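Asker: One structure coming up, written as structure tokens, with questions to follow.
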Amino acid sequence: MLLSIRSLTKTFPGTLALDGVDFDLATGEVHALLGENGAGKSTLIKCLTGAYHRDGGTVALDGAEIAPRSTVEAQELGIGTVYQEVNLLPNLTVAQNLMFGREPRRFGLINTRAMRAEAREMLRQYGLELDVDRDLGNYSVAIQQIIAIARAVALSGKVLILDEPTASLDAREVEMVFDVVRGLRERGLGIVFVSHFLDQVFELTDRVTVLRNGRKIVTERTADLDRMSLIEHMLGRALEEEVEQQGAGKAAATHPDLLHFEGVGRHGVIEPFDLTIGQGEVVGLAGLLGSGRTESAELIFGVRPAQTGSARDEKGALDLKSPRAAIAAGFGFAPEDRKTDGIVADLSIRENIVLGLQAQRGWARPIPRAEQNRLAEDYIRRLDIRTSGREKPVGDLSGGNQQKVVLARWLAMNPRFLILDEPTRGIDVGAHAEILRLIHDLTGAGMSVLVISSEIEELVAVSDRVIVLRDRRHVAELRGERVAPDAIMRAIARDGTGDGETARCC
Amino acid sequence: MLLKRIAPQLIALAALVLLVTLVYPGFLDISFNDGRLVGPVVDVLKRGAPVALLAVGMTLVIATRGIDLSVGTTMAICGAVAAWAIASGWGLAPALLLALAAGGIAGLWNGLLVAVVGIQPFVATLILMTMGRGIAQLITEGRILTFNHPGFAFFGSGTILGLPVPAWLWLLTGAGVALLMRRSALGMLIEATGINRRASALAGVNATVLLIAVYVASGLCAALAGIVVTADIRGADANNSGLWLELDAILAVVIGGNSLLGGRFSILAALLGALIIQTIDTGILLAGFPSEYNLVIKAALVLVILVLQSPRIAAEWRIWRKSQRASREALAERSRT
């Protein structure tokens, strides 16, 4: 075995993050590491890369026991890591990034020509022909990811850990990265692959290890597993066919109109669009990245002021010039990027949950502490937020739980219209199903929801109606039985000419 | 909870008092003469007033991830305004109100530049810091504007219940603002804005108004400090009033354990920081070191305090203690067998 971990244990105050975990990695193997948020994947990886120091157990690389104390030491031992967010310097050139910290030198100065040549040679091994003098930031995330992999392999060269490398890539780019990973497998590296995308796990990996609550549940050859049993291992319970159940039987419910948006638009951001939201209705926004989905939501919520158009409800016109105005109109908006736009990381779970409600009441009318505690406890229980206490900083929670805290903030305000931008991005299977169920419950109670998602299956599962966007324009509206994956896909792909039937702008 | 937060500052202050008492045994002596308390400690409470007042406003600004470099200059402007009003015979109340208004306007200017125009706080307040002394000099017409007004001088050298008025001013301001922050929701909203302005704004927090408000609060605190200094010397010195005090105020906030990156704040701890700085200043004077040593000693003491407070040092200390305990237990284990 290339890497052999035996009964690895790591504790944090109040939690046993890893409880006697065994893990083996062979040369020339891609080994998937799976588990829900908080299962212990990140902790295991950090113990390998020297970010954490293990409390117990052994880690052996090539038969020799190791205990790296820093990422640099781990790299020298042969363990390299590539994270979801590219950890490179976008304002340096490709060559500088690749050779950073080990630049070829001549007379004590950096030998730029040798550096360029070496960088080009490195990239050629990965089938990339790039201008290595251009700034890294000019290239797509996929290219940057491959450059990060190239750098990690050059620095370490035995074990490569890929921590959700594909989370922000589209399908074609994922394939590009996978080709690189397969090439490295043939060169005899051991690769640990962490991902939430089960399809990718089945496509790429040789073996799978599932963690749950800090324990190893199973290690199996990927080919011997089917999707259902894998999900069962991860969740520890038989997953009902949640999604499909919800998808069925919503055929012809009628929703009285709640909100009308007319001609809302902003130059260069989104073409003016009309949108009607019914009470208790879920409207899905589908489209490729950059098609104007998030922008539509931002205009509705006043994050960016609309230049044209108006909004009204049954009582009269609504003012949407700012988020505060939108909140006053009973809107809520859980944004896509919860780290920068959603959570206030250093504040506690309790404070994050009451923040919106408090802002609405005004500073002079503080919510009594007992009431705050009650609200926080209530939502921690209802949304099953995994934490050791309501006073923990939100930044310490895993991604899925952070998302639930942001949802709790809005639910505490009881909006009549909630916008959810990619509510399940980066969230594990269990939390995923919970959030879809939550949307279902909320609309059952009369709330209207606008869901933006890149996952078409998810949109189909929750939406009563789907609006398709293309090139900053609302191009189609699908309802009833037409809310189906292939119909949405066709609407996204259609080039907009000669299509009188469905491309009617909504 | 509260005690745990301010424990490092309390310990530092106690250690410092002990140190000063060792070199100057009379430091803690307090006597009662003519209806007023007299002694080095009372002097610390009085002399520390300007920095303590500035630290109250500065804490709020820093909590929003900002900084206010203009407070020293604002002191000079407000002092000049007050002295001019007194010297022109406007009377006490109008003079005080004018000085406070000047401080409020200065803060409003900073707040608008930061929150509405979007200039970085460091640069935005640097503008007033540079320009403000010129404004103060224009008001005083380039000279030291003196006056003789016992009512106004009371704010610098008077006493109430034996304690100097400047000490009362910062104690009451500090307590008042701290209570306002924690009894209303302002404290949490300011912290949320400082940690993540965008997320707070999306949650409906009126971040723009809050930002302007903290700079106005800082300006008002600077006005109070300016009044104290001007009343104390019975004259407005546009060149020297409040000179470099913005840096002492920032230092007080930092010694108080408040992060310059914004977020969680404690006004009480910042006030202790101001007391620590003043105790160092007074202590060095009392100890009778030649005056050229003062700044070096002050810097060294501040460095020691900050290093001891650093979270990294605290973490190292915990690890060291843990390993000590482990080796002790291992030893005991071995001796048992």
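Note that Cβ sites are derived from N, Cα and C of the backbone, with glycine treated the same way.
What you are looking at is a predicted structure, and each value in this text was computed from that prediction instead of being measured.
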Asker: Name the residue range among B:243-261, B:319-337 that TrEMBL annotates as transmembrane segment.
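Answerer: Checking TrEMBL against the ranges B:243-261, B:319-337, the transmembrane segment one is B:243-261.
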Asker: Taking pairs 6 or more apart in sequence, does the count of Cβ pairs under 8 Å between the transmembrane segment (B:295-315) and the transmembrane segment (B:243-261) hit 3 or more?
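Answerer: Contact between the transmembrane segment (B:295-315) and the transmembrane segment (B:243-261): present.
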Asker: Which stretch from B:79-102, B:108-132, B:144-163, B:243-261 shares the most C-beta pairs under 8 Å with the transmembrane segment (B:202-231)?
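Answerer: Comparing B:79-102, B:108-132, B:144-163, B:243-261 against the transmembrane segment (B:202-231), the winner is B:108-132.
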Asker: Who are the chain neighbours of the transmembrane segment (B:243-261) in space, where the CB to CB distance is under 8 Å and they lie at least 6 residues beyond its ends?
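Answerer: For the transmembrane segment (B:243-261), the far contacts come to 5-6, 8-9, 12, 50-52, 54-55, 58-59, 62-63, 65, 67-73, 75-76, 129, 225, 268-274, 276-277, 302, 305-306, 309.
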